[in-house]
Amino acid sequence: MAKIKRKSVVPASKPKPIQPDDDDSGSDYEVDRHMTLTKVPKTVAQEFPLPKQVRKEVVKRTAKVSESEESSEEEEDDDDVNLPTLTKGQIADILQTIKNNKRLVLNVSNVNFSTSKEEIEEHFRKAGRVKSVRIPKKRASGFAFVEMLDAEGFQKAFLLHGSYLDGRQIRVQLSESGKKKSHQKILQLEKKNAEIRKMRKKNRAKPEAKEVTLVPKVQPKVVERDPYLDKKKTKPPTRTKGK
């Protein structure tokens, strides 16, 4: 019988355990060792720094520019307050664009919540005769509607913009009659009020607008003369000697 040669089975080699490196820091994230940090490029200011004296001058100039910008904003706010009113022709043109122009209604905002109707009416009497004052019951901010009786009072009422009422500086703007106003109507009123501000700024050069003030003009008293008492006395004729 032929002998069957048996194949020798080589035992499988055991995996060698991974030995930690000597510089192991104990971190579980071995990926950090293979990451390369990229250098952040330096800015021009860091690469070429300015001398100390030049940097101080730059800081001073930027501070002056910021102060001038703030002062210009404050001047714009002040310019919006001390402005002449509209002329009679401008008032007539504005009233033509209002639907119900027989009612001369103004929107008074930044009003104190504790201010009463009587106080608002008394304040607007400086401009003229007040027809009515309405304070909405449900309001998120302090405002009211003042209706003037005639166009003259309506014209002077714009001069009360920026005046103080009950410790608050009020704003007087154009409005329209009617309790509920649509969003489109509100946008139209904002546009008209912006045009009114522009016209009032231009009216600084118009004497017709500058003459309108809240101070009533004091008319001189006319003294009626009596034709007999105020008659000029004639001197008697002088007599010459020898006659």
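Keep in mind that glycine also has a Cβ here, set from the backbone N, Cα and C atoms.
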Among 1-33, 100-132, TrEMBL lists region 'Disordered' at 1-33
Students should find that the region 'Disordered' stretch in TrEMBL, chosen from 55-84, 145-174, is 55-84
Between 0 and 100, where does the mean pLDDT of the domain 'RRM' (104-177) sit?
93
Secondary structure content of the domain 'RRM' (104-177), with strand meaning DSSP E or B
18 helix, 25 strand, 31 coil
